[in-house]
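These features come from TrEMBL:
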type: BINDING; residues: Cys13, Cys18, Cys21, Cys43; note: [2Fe-2S] cluster 1 binding site
type: BINDING; residues: Cys83, Cys86, Cys118, Cys120; note: [2Fe-2S] cluster 2 binding site
type: DOMAIN; residues: 182-367; note: domain 'FAD-binding PCMH-type'
type: BINDING; residues: Leu210, Val211, Val212, Gly213, Asn214, Thr215, Asn216, Val217, Asp313, Leu357, Arg375; note: FAD binding site
type: BINDING; residues: Gln721, Phe752, Arg866, Ala1034; note: Mo-molybdopterin binding site
type: BINDING; residues: Phe868; note: substrate binding site
type: ACT_SITE; residues: Glu1216; note: active site, proton acceptor
Amino acid sequence: MSAARLTGTKYGCGSGGCGACTVMLSRYDPLSARVLHCSANACLLPVVSLHGAAVVTVEGIGSTKTKLHPVQERIAKAHGSQCGFCTPGMVMSMYTLLRNQPQPSLEDIREALTGNLCRCTGYRPIVDGFKTFCGGPSTLCNGSSDVSQTSLFHMNGVLPLDPSQDLIFPPELMGGGGRLCFQGNRVKWFSPADLSDLLELRAAHPNAPLVVGNTNVGPNMMFKGDVHPLIISPGSVMELHTVSWGKKGVTFGSACSLSEVKEELQGAVGRLDPEESRVFQALLNTLRCLAGKQIRNMATVGGNILSADPKYDLSCILAAADCTLQLVSKGGTREVPLNEKFFAGFGRTHLRADEVLLSLHIPRSQPWEFVSAFRQAQRREFAFSIVNAGMKVVFKEGTDTVQSLSIFYGGMGPTLLRVKRTCEGLVGMSWNEGLLEEACRLLAEEVALPPTAHGGKTEFRSILSLSFFFKFYMQVVQELREKGVGVADLPLEYLSALKPFKNEVPQGHQTFQMVSEIQSSKDPVGRPRVHIAAFQQATGEAKYYDDLPAVSGELFVFMVTSTRAHAKIISMDFSEALRVPGAVTFLSARDVPGQNRRLWFNNTEELFAEEEVCCVGQIIGAVVAESREQAKRAAERVRVTYDDLSPVFFTIEEAIQHQSFFNPKRKLERGNVDEAFGKVDRILEGEMYMGGQEHFYMETQGLIAVPRGEDGEMDLYVATQHAAFTQEVVGHTLGVDSNKITCHVKRLGGGFGGKVMKIASLSAIAATAAYKTGRAVRCVLDRGDDMLITSGRHPFLGKYKVGFMNDGTILAADITYYSNGGSTLDESSFIMEKALLHMDNGYKIPNLRGHGLVCKTHLPSYTAFRGFGGPQGLTIIESILHEVAAECGLPAEEVRAVNMYSEEESYTHHRQPFCPRDMVRCWDECLEKSDYSSRRLAVQHFNATNRWRKRGICAVPLKFGIGFSKGFYNQGAALVNIYKDGSVLVSHGGTEMGQGINTKAVQIASRILGVPMSSIHIKETCTGNVPNAAPSAASFGTDAVGMAVKDACEKLMKRLEPVMKAYPKWTWSQWIVEAYCQKISLSATGFFMGPHTSVDWEKSEGAAYYYFTFGACCSEVEIDCLTGDHKNIRTDIVMDVGKSLNPALDVGQVEGGFVQGLGLYTIEELQFSPDGALRTRGPNQYKIPALCDIPPQLNVHLLADSQNPNAIYSSKGIGEPPVFFGCTLFFAIKEAIAAARRESGLNGRFALSSPATVEKIRMACVDRFTEMVPCPEPGSFTPWAINV
């Protein structure tokens, strides 16, 4: 699409795992004689597979130049676009839904968006915009049908949906055709005309894969390097698409998509007797959670089966249901049962080389037959299952005596597992508690996994297999009772375990303070204005660095990274790489014209590793080629010889053993901690571990380096949050002055702190390539390489000793923080400092001591991430409060309240004065608005009446420092130009990455200049316009940039004042022309010199921050004690943002930050192999929150009547603080687990590390099933993954 200059469709992952590349695919279906529309992932669609199809991209449905489509308009007006990188994909998913259903239901919208990820918004505003298409009386999307000034958006004047204006399917694409053959450089692609042609091709090319949806072969070719010289695509063979119903069941052609199967089965369940449709219902339950909508639209039922991957879910239930496969070849047809014997191993079946899977037959259920399917994944939707199961029991008619039993598991080995001994051993038994006990005993033996099994989580997987059977047992007991059969006793408190969690769309209420009635209606400050680029982002017109057209002669650079964690480089052989067609040159340290090494706070950082590598993923070289595909292929052929070095270690515990720490080691102390421990009623010691987090910005890191061929000048079009630092590093690398390097930043597709440091090194490598070749060079990291090379949030371990009174008052706490810094320093020391500076949160602990040590390990260096150590520091103290409350037998909110700062003039543990009044107000309002007291009682009642489901509720306050503790960064600059036509151009040093810094800057300029926002433009961030800018980070961007813009505009207005007074009735344009004629300068620079912040670490004192942002959050969750699954039920947030410059943007930041925290504390888990290689290198392995994870009720309230004299127009920074609120889910989960443990007689403390994944939740809910699975002795085996 880039060749056609259609750049709206974004490349986010290359595996169909994010939805950024969603397009609408339309084909004429001769079987139904209608045009079918479906959403699809462009990254999985080979162009040659699209013969006869019409592809509609986001550019095809509307633009700002012509006319917006209502979908584009409403997502923008609803504030559903922040960084905008995911927005075109969201638009196309919704557009496709409307083409099929012009008045969709909320469930339709939810399903349509299951395959689309967003890292910025938290999804709620996206749904709000789209649900206006549902019809009905409500015109708003905030839960209210009242259109008032306090609404974040309204429907006044929006474009109506008019299906008559939709694009017409090209009639010339309705015809059929014969065999098609496409020949590429490396692959030949056949599309057979009909079934006989397919069989001819299959017989002639038995090793060629058959590809229809390309959801398996495509990613394997992309990421695993699979090579297929010839591919057969039978998607146009009609016999493979037929669906036929008979008395015994339904037969699906193997090329029927999973969506088609789901739609057909839904209809069947609606019209058939429930006894007949049990198999169909079980399949539907699986299909609803299987992949995302786009994948289901393209993936076929035949492909799912023949992929022979046990995590693909369908085979288990199909095998349990006694489904059959019809296979066809030139020699004839045969029918085989779909069971364990059909699969020969992982990715292999017993299909003969010349055979094709023609169809799948699914039988109807019989009266005394009961069927169920189960699955558990990292998240409920859009995730491969960890374990899945299909189970069927047949009883002797009229009895509860087992006649036959079929149980199949996926995820318990390399292929489908049938527990034959268990099933045979239960035949003839009555369906009662005795059968359950015997079944669990047999299953525990038959499904036991060795601790070294592929995929890890072996105990959890074994326990899941038992839990699934227990659920099946209870379900069948219920159904037998409905038939009046069976005497098995099933307590009422067990029944909730049978109800699956329902995925719902997030809705909620957002409240904010209206602007004063005396404020001019033309003044936009304080009003919920739409992000100024929202409409361009919704139409795909907004440009990101990789959307820029190729420069003539442009090359591509691909990194060569270390495969060893600690080794000496013996040699690098790139000769074979340079023989790859299109390869131009190889880069290493010797090619750097300036300095390969630079000093970073007394620590050496290398651009290319020279003699030694210190982590897997360290850059040791780079290949430059004519295209990205050629560069990647060439890079794979670079051969590096290593000599392994010792020691090599990766975890915090190992670093402590080796005393491997970066300097400086930090300490803060208030009071006399040791003395205070002698005065307390109780002392508690413990620790808490927090795992790291991947940024997963939707746009991966990269840039375009363009040499100008004169005086060493070079332009960089780069995705960076700190253009000045990138400029400095590139100049140092090339050996030229910074004034020769110009960095241009239009916008980022997400940053979150990850595009501050690492992008500078990537830029220097691309610039080196451009310098060496004299040609422009583009660098775009693949998702996997981005995750491997750039790393993310630091893992933390907090060890503490706390002394407290019986009423929960904490008198002393001694905390040691350890972070895993990785192999180089990066920003780890500053991050540890922020953790220490936040270790008190909102609590006055009179005697508090903290030590901070950054561990040096052999992992890629961890870096800045939204919150910058704050969440880790805050979470440890909240864990302490949680444990103290449990130890005292008191409600956690009481212990939090009794320890909270309350004096009007309070002092932090680093002796910075502040007033906690607004923090306490946030806390009180949060408890009130969330109805905390009555809901806590409801939670207790729920837990008392439900054995296998438990709930928890948690509320926490927040005090978060805003600004840089390194005072020199607290500055901002801007340049404002007014042109003779009256238009205004604003340039500033901040980076727009979705947070709305440009929108707020325009609002500020509009207020001061008195011109509409439409007359003001911000082109880009450029080091040539605003030099030496601080990074856009620390929630300080708008504070610094806003003040600078204000300063520049006020200077201009002062110059214009005489002209305006002389001609009071003139228009703005006339004043500007007159000023020009009077030779008044219409250009002004603005500067903001923020406060000097610093900490004297020897004295443990200093004003570390500009001011504090306050807030409070309450969350309620429900867990499934048998599987570890959980549902976030409701979250209420009260946030002090001062006087909001733009409530819509601020609410969006609160929600987006919270959802990122949701991922940090519950879902997102990075896994490293024992030799230090990152295993989670893409959306298939690493899961960020999807729509299904958002609380159905997500309410955000901006605190009213709050003042902040320190910042622009009394506002407050808001980007980072809400991430911490995700911990409310973690502690609510821990509370729910504690309730489950009490059912098993366990009342003491227990460890739970973050994130609280399904595995950790299930393993902590100790019961008779967990006790059946032995725990291997640590150190007696090599684990699949390690906690670093």
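Every residue gets a Cβ built from N, Cα and C, even glycine.
Curation plays no part in TrEMBL annotations; they are all automatic predictions.
Counting Cβ atoms from all protein chains shown, Phe752 (Mo-molybdopterin binding site) has 32 others lying within 10 Å of its own Cβ.
Cβ atoms within 8 Å of the centroid of the Cβ atoms of Gln721, Phe752, Arg866, Ala1034 (the Mo-molybdopterin site) belong to the same-chain residues Gly751, Gly753, Gly754, Val756, Ala864, Phe865, Phe868, Ser1032, Ala1033, Gly1215, Glu1216, site residues excluded. Apart from Cys83, Cys86, Cys118, Cys120, the [2Fe-2S] cluster 2 site neighbourhood in this chain, defined by C-beta within 8 angstroms of the site C-beta centre, holds Ser81, Gln82, Gly84, Phe85, Thr87, Arg119, Thr121, Met698, Gly749, Gly750, Gly994, Gly1152. Around the Cβ of Asp313 (FAD binding site), 27 further Cβ atoms fall within 10 Å across all displayed protein chains. Separating the Cα atoms of Cys43 ([2Fe-2S] cluster 1 binding site) and Arg375 (FAD binding site) is a whole-number distance of 27 Å. Cα of Cys83 ([2Fe-2S] cluster 2 binding site) to Cα of Cys21 ([2Fe-2S] cluster 1 binding site): a distance of 15 Å.
Averaged across the domain 'FAD-binding PCMH-type' (182-367), pLDDT for the predicted model comes to 95. Using Cα positions, the member of the binding-site residues Cys118, Arg866, Phe868 nearest to Leu210 (FAD binding site) is identified as Cys118. The FAD site in the record is lined by Leu210, Val211, Val212, Gly213, Asn214, Thr215, Asn216, Val217, Asp313, Leu357, Arg375, and its two most distant CA atoms lie 28 Å apart.
Taking only the Cα positions, the spacing between Asp313 (FAD binding site) and Cys18 ([2Fe-2S] cluster 1 binding site) is 20 angstrom. On the backbone, the CA of Glu1216 (active site, proton acceptor) and the CA of Cys13 ([2Fe-2S] cluster 1 binding site) stand 26 Å apart. The distance from the Cα of Cys120 ([2Fe-2S] cluster 2 binding site) to the Cα of Arg866 (Mo-molybdopterin binding site) comes to 12 Å.
Rounded to a whole number, the distance between the Cα atoms of Arg375 (FAD binding site) and Ala1034 (Mo-molybdopterin binding site) is 41 Å. Sequence-distant neighbours of Cys86 ([2Fe-2S] cluster 2 binding site) (same chain, 6+ apart, CB under 8 A from its CB) are Lys10, Gly12, Cys18, Gly19, Ala20, Asn116, Leu117, Cys118, Arg119, Cys120, Met698. Taking the centre of the Cβ atoms of Cys13, Cys18, Cys21, Cys43 as the [2Fe-2S] cluster 1 site, the nearby residues of that chain (Cβ within 8 Å, site residues left out) are Lys10, Tyr11, Gly12, Gly14, Ser15, Gly16, Gly17, Gly19, Ala20, Asn41, Ala42, Pro1179. If you compare every pair of Cα atoms in Gln721, Phe752, Arg866, Ala1034, the residues listed for Mo-molybdopterin, the longest distance is 12 angstrom. For Val212 (FAD binding site), the same-chain residues 6+ apart in sequence whose C-beta sits under 8 angstroms from its C-beta are Ser233, Pro234, Gly235, Leu240, Ala255, Met298, Thr300, Gly302, Gly303. Around Phe868 (substrate binding site), a 10 Å sphere centred on its CB holds 28 further CB atoms from the protein chains shown. Sequence-distant neighbours of Asn216 (FAD binding site) (same chain, six or more apart, CB under 8 Å from its CB) are Ala299, Gly303, Ser307, Asp309, listed in sequence order.
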